[in-house]
Amino acid sequence: MEPPDARAGLLWLTLLLSGYSGAQAELHVSVPPRVEVMRGEQIALDCTPREHPENYVLEWLLVDASGARHRLASVEPQGSEFLGTIHNSRGRRPPYKIDSLGRLVIAEAQVGDERDYVCVVKAGAAGTSEATSSVRVFATPEATEVAPNKGTLSVMEQFAQEIATCSSNNGNPVPRITWYQNGQRLDVPMELNSKGYMTSRTVREASGLYSLTSTLYLRLHKEDRDASFHCAAHYDLPSGQHGRLDSHTFRLTLHYPTEHVEFWVGSPSTTEGWVREGDAVQLLCQGDGSPSPEYSFFREQGNQEEQLNVNLKGNLTLEGVHRSQSGIYGCRVEDYDADEEVQLVKKLKLHVAYLDPLELSVPEEFSVFLNSSGTVVNCSARGLPAPIVRWTKDSVTVADGPILSLDSVTFDSAGTYTCEASTPTVPLLSRTQSFQLVVQGAPELKPNEIKPKSGTSWTEGDEVMLTCSARGFPEPKLTWSQRGDTTPAEPPFEGRGWMSSSLTLKVTSALSREGVSCEASNIHGKNGHVFHFGSVAPQTAQAGVAVMAVAVSVGLLLLVVAAFYCMRRKGRPGCCQRAEKGAPPAREPELSHSGSERPEHTGLLMGGPSGGGRGGNGGFGDEC
């Protein structure tokens with residue numbers, strides 16, 4: 001078997017000899033002019049003669065950076081198949097290969113495969129032709145990284161300062177970097193100038209990939225203190241596509257002088273600057289410079305300044321502020337970079353509101369007499385600002401001002417009186433003080449009038465409940481003129497201090513004449529009331545019923561006695577019958593059961609113990 005190179009040589013010789021056998025024809029070769037793939041993908045380069053000659057040989061040549069050509073492989077058609085030969089892979093891993101369709105296969109494309117590949121077709125008499133296919137390998141860069149300047153940048157600098165450096169690594173082709181401020185693209189040139197510019201540097205890595213770094217320089221202003229910055233890397237993809245990778249956003253630390261100072265009371269206060277005595281009061285001072293300067297707090301004492309505190313936070317707390325701490329306070333911003341025209345000292349006047357405990361001109365329990373007048377109670381309220389005073393009783397205002405006048409005092413006047421003092425300009429600053437008014441006097445009595453059940457008059461035996469209510473001080477005692485079922489009762493009247501007693505009894509004729517009285521008494525006197533019942537009707541209907549009941553009872557008793565007698569006289573027939581008839585028959589001899597003329601118990605029905613009952617007046621007129 002001949003080696004491949006020998007066979008190829010014979011084929012070339014055959015094609016060369018056949019080229020002289022006839023006229024040379026024109027030959028055309030078809031290859032993809034540009035092949036674009038992502039790094040790591042496979043490339044298959046196809047080369048086809050358009051005229052389809054019967055015998056031909058094609059070769060793949062690699063054009064290096066200097067333009068020199070290097071033979072990589074050759075392909076011979078054998079019927080419907082192709083015989084490929086790799087002549088030189090030039091150290092590539094994995095090496096080139098020819099597939100079953102006669103294509104040059106470049107596996108796992110790398111950036112180094114970006115070359116021109118020339119396909120040369122030799123077809124003997126048909127001629128020789130070639131075509132070039134350019135391979136482009138794209139690689140997406142790594143995530144975009146930004147390194148901001150972590151120092152403090154001064155807005156007073158007259159030149160652009162370094163803002164940040166942005167990096168986009170290992171991409172192909174070389175990516176492009178743009179800068180953004182607050183989401184808007186910055187149009188900065190590459191040339192050095194005082195307002196802003198950027199520089200860039202490209203590095204080709206050992207892998208053949210490219211890394212790009214860009215540094216941004218800007219002249220900063222105070223308005224940039226809250227600005228956000230970021231960068232973005234733009235890269236190309238196959239088929240004219242593009243990609244973008246944004247970095248994270250960042251902010252800068254700027255140094256700028258103070259232009260304005262504010263000083264105010266931070267804790268709850270009124271618009272007039274009042275604060276409550278005893279509260280923790282915060283004084284806040286704020287300058288708009290950066291970084292935060294020192295704040296010096298002081299209090300004016302005549303023509304002198306009393307130094308209170310120096311800090312970087314800009315706040316001063318007065319714990320449990322006292323009325324003596326009212327006065328003028330100041331804050332000084334220690335910023336030596338500030339313009340001379342800037343007012344770095346601010347002052348305010350602190351007003352400490354207070355309200356002393358209220359003082360009443362009467363003790364906590366105060367007594368007056370019923371119907372008295374001219375009593376005055378004074379409520380003394382001292383505070384700043386001047387408090388407003390009013391008197392209330394049962395949450396109802398009874399007097400405006402510190403003076404409470406008690407005139408025409410009644411028992412309803414008794415109760416709890418409260419003096420309320422408040423300062424409308426200072427919320428929650430208020431005080432109260434109360435006293436108990438006691439009204440002394442003879443009892444006041446109120447009866448609960450009653451009406452007959454029938455509506456017009458009382459009937460003897462009706463049950464009635466009488467109620468008397470009284471009030472006074474000391475508490476009165478309620479007594480009744482009649483005995484009965486006495487119980488405490490709920491007062492039926494509205495008002496303060498009432499007490500009640502109820503008496504339950506039956507109506508009689510005697511009550512109608514005398515009446516029933518209740519009396520309330522205490523050390524100051526007594527008061528009474530008599531309940532009258534008017535005429536009391538007798539129980540007529542009930543008397544008739546009683547008489548009838550007695551008559552029926554007597555009749556029943558007589559019948560029982562008669563029945564008993566008849567039972568005793570069963571031995572004498574006709575006796576009871578004669579007794580039932582009106583006239584006695586002619587007398588006949590009487591025989592007892594024992595045969596004697598006189599029965600043993602005859603005396604039971606006779607008028608006397610002698611038994612002489614015949615025609616006598618002491619019995620029922622007959623033995624029967």
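Including glycine, each Cβ sits where the backbone N, Cα and C put it.
Copied over from Swiss-Prot:
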- 1-25: signal peptide (SIGNAL)
- 26-136: domain 'Ig-like V-type 1' (DOMAIN)
- 26-543: topological domain 'Extracellular' (TOPO_DOM)
- CYS47-CYS119: disulfide bond (DISULFID)
- CYS166-CYS231: disulfide bond (DISULFID)
- CYS285-CYS331: disulfide bond (DISULFID)
- ASN315: N-linked glycosylation site (CARBOHYD)
- 357-436: domain 'Ig-like C2-type 2' (DOMAIN)
- ASN371: N-linked glycosylation site (CARBOHYD)
- ASN378: N-linked glycosylation site (CARBOHYD)
- CYS379-CYS419: disulfide bond (DISULFID)
- CYS468-CYS518: disulfide bond (DISULFID)
- 477-497: region 'Disordered' (REGION)
- 574-624: region 'Disordered' (REGION)
Quick check for the class: what is the C-alpha distance, in angstrom and rounded, between CYS331 (disulfide bond) and ASN315 (N-linked glycosylation site)?
9
Of CYS47, CYS119, CYS166, CYS231, ASN315, ASN371, i.e. the recorded positions, those within 10 Å of ASN378 (N-linked glycosylation site) when Cα atoms are compared:
none
Subset of recorded positions (CYS47, CYS119, CYS231, ASN315, CYS379, CYS468) lying within 10 A of CYS285 (disulfide bond), CA to CA, in sequence order:
ASN315
Winner by Cβ contact number (other Cβ atoms within 10 Å) across the disulfide-bonded residues CYS47, CYS331, CYS419:
CYS331
Reported in the order helix, strand, coil, what are the DSSP residue counts of the domain 'Ig-like V-type 1' (26-136)?
6 helix, 56 strand, 49 coil
If you draw a 10 Å sphere around the Cβ of ASN378 (N-linked glycosylation site), how many other Cβ atoms fall inside it, taking every protein chain shown into account?
13
Reported in the order helix, strand, coil, what are the DSSP residue counts of the domain 'Ig-like C2-type 2' (357-436)?
3 helix, 45 strand, 32 coil
Compute the C-alpha separation of CYS419 (disulfide bond) from CYS518 (disulfide bond), stating it in Å without decimals.
40
Overall pLDDT of the topological domain 'Extracellular' (26-543), taken as the mean:
91
Number of Cβ atoms other than its own within 10 Å, given for CYS231 (disulfide bond):
27
Intrachain C-beta neighbours of CYS379 (disulfide bond), sequence separation six or more, cut-off 8 angstroms:
LEU358, GLU359, LEU360, SER361, VAL389, TRP391, PRO402, ILE403, LEU404, CYS419, ALA421, GLN433
Helix, strand or coil at CYS285 (disulfide bond), per DSSP?
strand
